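Taken from TrEMBL as is:
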{"type": "BINDING", "residues": "His10, Leu12, Gly37, Glu58, Asp82, Asn100", "note": "S-adenosyl-L-methionine binding site"}
{"type": "DOMAIN", "residues": "17-183", "note": "domain 'Ribosomal RNA adenine methylase transferase N-terminal'"}
Amino acid sequence: MQSKKSLGQHWLKDRASLLAMCQAAQVSESDTVLEIGPGTGSLTAFLLKKARKVIAVELDHDLASSLSHKFPTNSLEVIGADILKFDLTRLPAGYKVVANIPYYLTGNLLKMLCESSNPPSKMALLVQKEVAERLAAEPGQMSLLAVSVQLYYEVEIGTVVPARLFSPPPKVDSQIVALARRQKPLFENLDYKLFFRLVKAGFSARRKKLRSSLSAGLRISKDQADGLLNQAGIDGNLRAQNLSLADWNRLALAYSDKQK
């Protein structure tokens, strides 16, 4: 079946890479796995051999119909739908996600999965190599995406999958990234809304120093921004990418105190 460029379809058929994705999510015979964008079913075939149940959500209705006929088994449920509109609460707690996701979908999909009231316990995603590196970033290279994901998940990057192993080949290499849900919240009594308000303000002007980006993003004076940073023990001359999650938490606590 011909791939559709408009849907960002690049199909992976390399057996070693497909197996590596299953291993990255530690798929076992008791698992329910959500596969996003199964395409022609190359990964689906591997998942069906390892998982108890595979729920495959495919936007392309032609592919969804074809997949149902290709794997006539009760272990597979194919749903023709937009994953961003899919109700994750219908899945059993502790489900896993394994997916070769369209590049354009990565940010919105991760936000949906991380912030869901029924989040996956583990994920193995095949993403652009650059995105995988961003997800696993450390202070000095942090981004809004990295903070947003690492707050909820431990991140480990794995096998690099060259562009030539896809059909049609994308313009860049991909990499498997494994995400494991944190067993307990990283910070106690965190006000998530306030936390992300600060983080978004900090990253709103990446090239600016924190005192300037926080001042503009929070609509406070630079003196007030300096007061927050001083209370949190953070140098106002740093930039947002230099901060750790613990730094952002201290800043959120300081900001919360100022709101009282």
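A Cβ is built for glycine as well, from the same backbone N, Cα and C atoms used for every other residue.
Curation plays no part in TrEMBL annotations; they are all automatic predictions.
Features recorded in TrEMBL, as mapped to the structure shown.
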{"residue": "His10", "record": "S-adenosyl-L-methionine binding site", "Cβ neighbours (10 Å)": "21"}
{"residue": "Leu12", "record": "S-adenosyl-L-methionine binding site", "Cβ neighbours (10 Å)": "19"}
{"residue": "Gly37", "record": "S-adenosyl-L-methionine binding site", "Cβ neighbours (10 Å)": "22"}
{"residue": "Glu58", "record": "S-adenosyl-L-methionine binding site", "Cβ neighbours (10 Å)": "26"}
{"residue": "Asp82", "record": "S-adenosyl-L-methionine binding site", "Cβ neighbours (10 Å)": "10"}
{"residue": "Asn100", "record": "S-adenosyl-L-methionine binding site", "Cβ neighbours (10 Å)": "26"}
Taking residues His10, Leu12, Gly37, Glu58, Asp82, Asn100, which bind S-adenosyl-L-methionine in the record, the widest Cα spacing (Å, whole number): 21
Where Asn100 (S-adenosyl-L-methionine binding site) sits in the secondary structure, as DSSP reduces it to three classes: strand
Secondary-structure category, per DSSP, in which His10 (S-adenosyl-L-methionine binding site) falls: coil
Per DSSP, three-state class assigned to Glu58 (S-adenosyl-L-methionine binding site): strand
